Amino acid sequence: RTGLDVSSKAFSLYKPNHLSASTLNIHTLDERERVEEQKKMATLKVSSSVPSPSEDAEQLKSAFDGWGTNEDLIISILAHRSAEQRKVIRQTYNEAFGEDLLKSLDKELSSDFERAILLWTLEPGERDALLANEATKRWTSSNQVLMEVACTRSSTQLLHARQAYHARFKKSLEEDVAHHTTDDFRKLLVPLVSSYRYEGDEVNMTLAKQEAKLIYEKIKDKKYNDEDIIRILSTRSKAQINATFNRYQDDHGEEVLKSLEEGDDDDKFLGLLRSTIQCLTRPELYFVDVLRSAINKTGTDEGALTRIVTTRAEIDLKVIGEEYQRRNSIPLDKAITKDTCGEYEKMLVALLGEDDA
């Protein structure tokens, strides 16, 4: 089994809490424009004319009935529906057959294919909440997943993940991160998962100059865990952070990540700090690094591979794939095909937009 909790208590057709009037302004024109821009960078292929949710639900039920499971039919439907369409299909399926689609999938499927399908079928906020909860229960290396969720999502997406976490686990994400991390990791991760950043493009160049100088001095003194560095990374907008690090390079002759390479390679906190900066400034490079580690000659990290494909297919997997090919001289779908097989391979390739559907 995948270990993915899809019991009746786990995200039973999760619905976000009603937002207060003071929170409703998150649904701004900027957010809608960001979503439209993401569609251009996504690999998910959705037909301009899809069957009704009722038809999709009926087809999925037929895939489970009879002798054996029709995995190809499941892929042909779910791997070509948007998050909103999958949400409606799941609601329709529950109304028609009295069972959450996730539970039906869990009973019929297994292994890496099951995990990929289940993660994909969850709403994005649910999925991030589940990934974050799993990360709080594992070793220090999973701190990277917490950082990834916190730093590569928009403010609205992270807010939805925190709401989903609260609804499912009856406590806050911040509470669990604080409980399951220690020392410098806690000092960095709690404010990151708690952040709600400004998403606009406006930057303060005077502030960028000041904070670039401040960060340079802290790095020079090897004070990587300094509260000012953490404050800047956890509160400033991504546009402001990019302006600060551009100024850092202009004033000090090297990128901030290059400066951080002078630290101890075995320092896990320093490694997490580097990844945090990369996620906030060039997330596609971070994801390429994760994929390169997940797909290699020594073995495949299916957990990381599944996580990246299912969380980025509707966002920026096209950009990630282009960067992957540029750096590795092989298309991402070909690299995945070489390292995976069966329905799991078909599902990932479909989400990459490289199947025949």
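If you go along the chain as it appears here, the first residue is 1 and each next one adds 1.
Positions of Cβ are set from backbone N, Cα and C atoms, glycine also.
Heads up, TrEMBL stuff is auto-annotated, nobody curated it.
Record check: TrEMBL places F64, G66, G68, G299, D339, T340, E345 at the Ca(2+) 1 site, and the matching candidate among E108, E114, E254, E255 is E108. The two recorded residues G66 (Ca(2+) 1 binding site) and I295 (Ca(2+) 3 binding site) have their Cα atoms spaced 36 Å from each other. If you take the CA of K297 (Ca(2+) 2 binding site) and look 10 A around it, the binding-site residues you hit from F64, G68, E108, D339, T340, E345 are D339.
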